[in-house]
Amino acid sequence: RDFQQADTEHLSRWKRWKRTSSKSLKKALSEVKGLSSYLVLWRHDIHSIEGKFGTGIQSYFSFLRFLVLLNFIIFILMFSFITLPIIISKYGLFNNTIVNISPKYIEDNCTIYEPSGNKGLVYFYTYLQDLLSGTGILEVTSLFYGYYTIDAIWISTMRYNLPLAYLLATFAYLALSLLWIIKRSVEGFKQNLVHDADPFQSYCNKVFAGWDFCITDPNAARLKHRSLQCELQTDLQEEKLKQKIAERTMKEKLRIYSLRIFINIIVLAILSGFFYSIYRVTVFSQENSNVSIRNDTRTDSANLLVQYLPSMVITLANFIGPLIFSFLIRFEDYTPAFEIKMTLLRCVFLRLANIGVLLFSLWSQISDCGTDKCKPCGYNYKLYPCWESDVGQEMYKLMIFDFIVILAVPLFVDFPRMLLVTHCSCKLVQWFGLQEFGISDSVLEIIYGQTICWIGTFFAPLLPAIATIKYFVIFYIKKICLKHTRKPAARPIRASSSNFFFLLVLLIGLILAFIPVGVSIARIPSSKACGPFRNFNTSWEVIPDTIVTFPTGLQQVLFGMASEAFAVPFFMI
């Protein structure tokens with residue numbers, strides 16, 4: 001300290017002030033950071049869950065919080081750049097004019113679009129049906145693609161190009177999601193490397209350096225103690241299983257590997273059956289529901305059932321598949337951590353491939369050009385006059401139905417089961433007991449829903465708002481289930497590996513979401529009867545159309561960046 005004082009005395013007044021200011025700024029930033037930690041969403045709830053149930057379950061709730069924030073940011077982005085300009089133009093809040101460009105060289109048949117809006121006397125049931133299916137009154141709102149028919153808005157002297165803004169906002173939310181997930185994945189990967197480097201070192205870190213000596217609150221100390229206890233329990237369980245695996249004989253290894261191959265063949269057969277069922281049901285639903293709506297020959301209940309058939313079959317497959325996989329994996333004799341990863345991979349492939357099969361079925365109908373159905377417009381305009389809104393409705397129905405199922409299972413399955421276990425002394429009931437809180441199933445639910453949101457946001461720009469509300473409610477439902485109607489897993493798992501793996505699976509979901517969105521933008525002709533891209537053959541054409549208005553030098557640079565020679569290596573990197 002004497003040396004520091006002597007050194008400070010020899011400094012000039014300016015350097016002395018600069019050093020003092022730097023220290024004051026660092027101290028202020030530290031205090032702000034400390035205060036901001038109290039503003040973190042669900043901070044106390046997640047710490048409480050960590051202490052009572054371990055870091056494995058806590059990682060699920062932290063993951064859920066991340067998705068709430070991500071969807072909220074995506075909603076703000078889409079609303080600010082797409083929906084808000086339309087609201088401003090509709091209500092004339094500023095000195096603005098709307099520019100509607102008449103489509104050129106397009107047959108009149110392609111521009112006919114009559115949304116199935118409600119006319120005359122409307123019953124309450126019809127409103128409920130519209131809410132569940134996204135048709136009727138919802139179809140003509142800002143929720144779906146077909147609402148955004150304005151080509152440009154003049155706000156004072158500034159021209160706002162809505163088609164370009166729509167496409168750039170789509171790229172922005174996908175890029176934001178990618179970068180944010182990668183950033184979190186890198187943090188989890190570092191923790192994973194530290195843990196996997198040396199198990200003994202990890203054990204020593206917990207025993208000798210695991211305690212936080214800043215804790216002064218008895219409740220916080222109790223939670224921290226339980227958290228460390230769960231971590232050590234996980235370590236011991238994993239070491240025990242590793243020892244068991246190391247002691248296997250050649251005969252036991254041959255038996256296990258043969259059994260695993262046989263089980264994987266069964267899994268592939270089950271997946272093939274699910275995919276074929278979804279394809280057939282989607283084709284049937286689209287052909288029957290669209291014809292009945294356009295011709296107005298429907299009974300409400302029958303048409304709602306037909307519309308929801310793909311969602312029901314997909315949800316049924318998503319419900320039955322994980323149960324079968326969870327049952328089969330018990331015979332494969334993996335470690336708890338790898339068992340969760342393997343189940344997750346199988347289930348995530350099932351759920352994401354189900355969405356892929358649904359979209360493939362829709363696109364096969366949209367692009368069905370047999371008997372010259374697509375000749376005037378480039379797509380099946382009779383069945384799908386505004387195909388983007390139809391795809392948006394399918395994504396909306398999947399999200400709503402998935403949310404209903406997540407609400408229904410605790411209410412009609414977990415809660416009655418908890419009452420039976422608590423108040424019935426029957427041996428059979430007690431043998432069944434409370435259901436375990438399945439981390440893999442719970443993670444899959446939200447990754448599946450998030451993939452639907454990423455795909456559907458292009459076709460329904462306000463879908464992230466529904467996803468934000470959905471995940472917000474799910475947090476409290478899962479919290480109540482964990483504390484009252486379910487029990488923690490008998491075999492604990494580690495948070496460091498879980499966090500990284502959850503984000504890895506989410507990244508797979510995002511990459512798979514790029515494919516249908518990219519195909520819709522670049523390959524399938526855009527609807528000529530609705531949406532901001534009516535005057536373009538595809539949605540992508542708005543980019544070169546905008547670039548040609550730039551100076552020649554800038555045009556060459558941008559077209560060079562868009563070429564395959566640059567774009568392919570760039571995206572690979």
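Glycine is treated like the rest: Cβ placed from N, Cα and C.
Predicted automatically and left uncurated, TrEMBL annotations should be read as such.
Annotation source TrEMBL lists domain 'Core-binding (CB)' at 1-40. Looking at the domain 'Core-binding (CB)' (1-40) alone, the prediction's average pLDDT is 67.
For 66-88 (among others), the entry in TrEMBL reads transmembrane segment.
For the transmembrane segment (164-182), same-chain residues at least 6 beyond its ends with a Cβ under 8 Å from one of its own Cβ atoms are 70, 73-74, 77-78, 81-82, 85, 148, 454, 457-458, 461, 464, 503, 506-507, 510, 513-514, 517, 521, 532-533, 539-540, 542-543, 546. Annotation comment: TrEMBL describes 164-182 (among others) as transmembrane segment.
Sequence annotations record features per position, and here TrEMBL assigns transmembrane segment to 257-279 (among others). If you look at the transmembrane segment (257-279), the same-chain residues 6 or more away from its ends with a CB under 8 A from one of its CBs are 310, 313-314, 317, 321, 324-325, 328-329, 331-332, 346, 349-350, 353-354, 357-358, 360-361.
Residues 132-133, 259, 263, 266-267, 270-271, 274, 277-278, 281-282, 284-285, 339, 342-343, 346-347, 350-351, 354-355, 358, 361, 394, 397-398, 401-402, 405, 438, 440-441, 444, 448 of the same chain, all 6+ positions outside the transmembrane segment (308-331), place their C-beta atoms under 8 angstroms from a C-beta of that stretch. Residues or ranges marked as transmembrane segment by TrEMBL: 308-331 (among others).
Here the transmembrane segment (343-363) has long-range neighbours at 267, 271, 274-275, 278-279, 282-283, 286, 310, 314, 317-318, 321-322, 325-326, 329, 390-391, 394, 398, 440-441, 443-444, 447-448, 451-452, 455, 501, 505, 508-509, 512, 515-516, 519, 524, meaning same-chain residues at least 6 beyond its ends whose C-beta is under 8 angstroms from one of its own. According to TrEMBL, the feature transmembrane segment maps to 343-363 (among others).
Among the features that TrEMBL reports, transmembrane segment is placed at 398-416 (among others).
Positions annotated as transmembrane segment by TrEMBL: 428-448 (among others).
Residues or ranges marked as transmembrane segment by TrEMBL: 454-477 (among others). The list of residues near the transmembrane segment (454-477) in space but at least 6 beyond its ends in sequence, with Cβ under 8 angstroms from a Cβ of it, reads 42, 61, 64-65, 67-68, 71-72, 74-75, 78-79, 82-83, 134, 142-145, 148, 166, 169-170, 173-174, 177, 355, 359, 388-389, 391-393, 395-396, 398-400, 403, 406-407, 410, 445-446, 509-510, 513, 516-517, 520-521.
With a cut-off of 8 Å between Cβ atoms, the residues of this chain six or more beyond the transmembrane segment (498-519) that come close are 55-56, 59-60, 62-63, 170, 174, 177-178, 181-182, 184-185, 188-189, 191-192, 337, 340-341, 344-345, 348, 352, 355-356, 359, 363, 439, 443, 447-448, 450-451, 454-455, 458. The transmembrane segment annotation in TrEMBL covers 498-519 (among others).
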Do any residues, 6 or more residues outside the transmembrane segment (398-416), come within under 8 Å Cβ-to-Cβ of it, and if so which ones?
132, 308, 311-312, 314-315, 319, 355, 358, 435, 445, 448-449, 452-453, 456, 463, 466-467, 470, 473-474, 477, 480-481, 485-486
